[in-house]
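J.: Okay, so TrEMBL annotates it like this:
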type: DOMAIN; residues: A:42-562; note: domain 'Cytochrome oxidase subunit I profile'
type: TRANSMEM; residues: A:62-81; note: transmembrane segment
type: TRANSMEM; residues: A:101-127; note: transmembrane segment
type: TRANSMEM; residues: A:139-162; note: transmembrane segment
type: TRANSMEM; residues: A:189-215; note: transmembrane segment
type: TRANSMEM; residues: A:227-255; note: transmembrane segment
type: TRANSMEM; residues: A:275-298; note: transmembrane segment
type: TRANSMEM; residues: A:310-332; note: transmembrane segment
type: TRANSMEM; residues: A:344-368; note: transmembrane segment
type: TRANSMEM; residues: A:380-404; note: transmembrane segment
type: TRANSMEM; residues: A:416-440; note: transmembrane segment
type: TRANSMEM; residues: A:494-519; note: transmembrane segment
type: TRANSMEM; residues: A:598-620; note: transmembrane segment
């Protein structure tokens, strides 16, 4: 009996590596600390009522933000582990298989569990406010999206201490990810973690598409909509069409592993190349899904901090919507070396270069917006200015990679690594940071400290270039990706070691920058400049017309909109002595909180965990729980209520106080 | 459907209605017939392989149209026609996924 338990535990828990034991201890201690704090301060009920069951888009956005910053920490630690291992030749810091697991989880977490939720955080925090709406179109579904994402992310992260991490690369190419070559449960964690959070992502895409098409304030025509909302529309369209492809592909891979199908195996009619083909049909739109909202953020920031309307509004809209369609026609450039016919490679090389054109249009539009504008350089603008040169270089190396014959040289080398980090950090991370600093006062009611922010900005920027510029050279020198170590001959004679060392230093500078940001946030919570006006940046769009943080119903009266930059025009009118028409408050229709999204997501987690270990006794009850949750929701009729006028009056008086 | 949070949500969505009993019955009959035809053809080996495949595909497309027009009410709804536009983009993507995969993966036959 005792032997059996010991036997089970030694395969169930990951053992052997001191780093893992350290993680075990820290996870245990953190969990105990959280439980203790919640119990000691009697916050359980508060947590349940205010956060877990909430359907308020602003609170869901805050939860996305916290989760994504935690995931940035985890993915960042993975990156530093890798850079430490590669700093010198013949390092013995990580074993080969551990290194494989670390680069796999780094990639998957950074794209799917950091960039996506940070993007959804900004969607949730900003879009309804910008549109003059009181919530998203489907608040219940929104809450479900968040909890599914979180449960998927937790399932994926659990693999670090239970069962073993996936280690077949961030896209899990077969045949390596097939049962024959990855017999452990790591790949199952990968599949189910992504599947569960993927349902949430798809639902969010649908939710925001409908919100934007149907819930704009009266008078806000599509072509009067703020550009961030346009970028969310573009991104949502891509989510809706790309994520089902991912779901199907991973489902087929799961069938291969679970019931012995042969979709992607080497024998019996399977074809691993089909997996590569399918996964990039999702994978390429995915990178545009995460970068387009960053473009929207830059458009808002540049316009606000230059005190000008955006230059070329129509061309901005057109180029974003064009990208959302053309991005579905470029996927094969990820596997030019697969051996397709020359015609295939030519088509995808050209389509890849073509998609660079609308992106270039946008860069010029931002530059022309700044031209002769009255620029003030606050943190959001600083990140925008840091983004432009970084993204231009990243785009240029991207066009180099798009040249199919030349790609045979760059493919899977450190040149590629440097390129995609340049567009993903320089474009996505810088963009979302710009957005985070820009909308932070709207969400929390205080600004993030300017001085610490500048420190972190410069550390991030310098760290970035120090880390990734040497990697372009390393790529040309023949260093391939996913290499866990190199000998002293290539290290010293070919000159890999000095460049790798410089790159590692840069990575640690970025780590330091992140610590400064954490410090900045904790400092600003206590001492940051409070935003009493609701309009700290002299903004132009509707979200700045209401107090910070916004009341739970957002707008006491739904605003009437006449043109772009609606709030700016209202302010101009006020300056010219035109008073707004008196408004009459009416009861506001709001959705009720619900525990079903949380319960259903926990059931998904249980089902996913069961499937990972092939425990049907666990998976089936989990799925039954999901079905019961769906049924329960279908028969819930009491889902909404009205906020009465006197409550609105009291809330507004308390929030606006002196200002109105 | 009352999940929408806006106070000014339109109530006339309900009064617009979705088709009549006649159109539902018609759609039901069409979809049944379009299911029975391929079944009969395959069960009785009535046509050769190419003809069978072509007929099946044809029936599938017609079935899709019946579903769209009689049950999913593609013709109804307020303007602009977001549902039609989404459908068109969806079709474009589906054709790209299927056609693109066939084109890219066809190297298998030339390599061997």
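Placed from the backbone N, Cα and C atoms, the Cβ positions cover glycine too.
Could you place these features in context, so I can see how deep they sit and what lies close by?
T.: Taken as a whole, the domain 'Cytochrome oxidase subunit I profile' (A:42-562) shows an average pLDDT of 93 in this prediction.
Only residues 6 or more beyond the boundaries of the transmembrane segment (A:101-127), in the same chain, are considered here, and those with a CB under 8 A from a CB of the stretch are 57-58, 60-62, 64-65, 67-69, 71-72, 74-75, 78-79, 81-82, 94, 133, 136, 142, 145-146, 149, 152-153, 156-157, 159-160, 164-172, 186, 190, 193-194, 197, 201, 204, 208, 211-212, 228-229, 232, 235, 286, 289-290, 293, 297, 424, 428-429, 432, 435-436, 439, 442-443, 482, 543.
If one looks beyond the transmembrane segment (A:189-215) by at least 6 residues along the same chain, the residues whose Cβ comes under 8 Å of a Cβ in the stretch are 104, 108, 112-113, 116, 120, 123, 127-128, 131, 133, 136-138, 141-142, 144-153, 155-159, 163, 165-166, 168, 172, 177, 225, 229, 232-233, 235-240, 243-244, 246-247, 250-251, 253-254, 257, 601, 604-605, 608-609, 611-612.
For the transmembrane segment (A:227-255), the list of distant contacts is 119, 123, 126-127, 130-131, 172, 174, 177-178, 187-188, 191, 194-195, 198-199, 201-202, 204-206, 208-209, 212-213, 261, 263-264, 275, 278-279, 281-282, 285-286, 288-290, 292-297, 299-300, 303, 310, 313, 316-317, 320-321, 323-324, 327-328, 541, 611: same-chain residues at least six beyond its ends, Cβ to Cβ under 8 Å.
If one looks beyond the transmembrane segment (A:275-298) by at least 6 residues along the same chain, the residues whose Cβ comes under 8 Å of a Cβ in the stretch are 111, 115-116, 119, 122-123, 171, 173-174, 227-232, 234-235, 238-239, 241-243, 245-246, 248-249, 252-253, 263-264, 320, 323-324, 327-328, 330-335, 338, 362, 366, 384, 387, 420, 423-424, 427-428, 430-432, 434-435, 438.
Sequence-distant contacts of the transmembrane segment (A:380-404) (same chain, six or more residues past either end, CB-CB distance under 8 Å): 294, 298, 301-302, 304-305, 333, 336, 345-346, 348-349, 352-353, 356, 359-360, 363, 366-367, 410, 415-416, 418-419, 422-423, 425-427, 430-431, 433-435, 437-438, 453-454, 457, 460-461, 464, 472, 537.
Remote same-chain residues near the transmembrane segment (A:416-440) are listed as 65, 110-111, 115, 118-119, 122, 125-126, 287, 290-291, 293-295, 297-298, 300-301, 304, 378-381, 383-384, 386-387, 390-391, 393-395, 397-398, 400-401, 410, 446-448, 453, 460, 464, 467-469, 471-472, 475, 481, 537, 543 (criterion: CB distance under 8 Å, separation of at least six residues from the stretch ends).
Long-range contacts of the transmembrane segment (A:494-519) within the same chain: residues 72-73, 76, 79-80, 83-84, 86-89, 452-453, 455-457, 459-460, 462-468, 470-471, 473-474, 477-479, 486, 488, each at least 6 residues beyond the stretch ends and with a Cβ under 8 Å from a Cβ of the stretch.
Residues 52-53, 143-144, 147-148, 150-152, 154-155, 158, 163, 185, 188-189, 192-193, 195-196, 199, 254, 258, 626, 628-630 of the same chain, all 6+ positions outside the transmembrane segment (A:598-620), place their C-beta atoms under 8 angstroms from a C-beta of that stretch.
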J.: List, by number or range, the same-chain residues at least 6 past the transmembrane segment (A:344-368) whose CB is under 8 A from its CB atoms?
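T.: That would be 295, 298-299, 302, 310-312, 315-316, 318-320, 322-323, 326-327, 329-333, 336, 384, 388, 391-392, 395, 398-399, 402-404.
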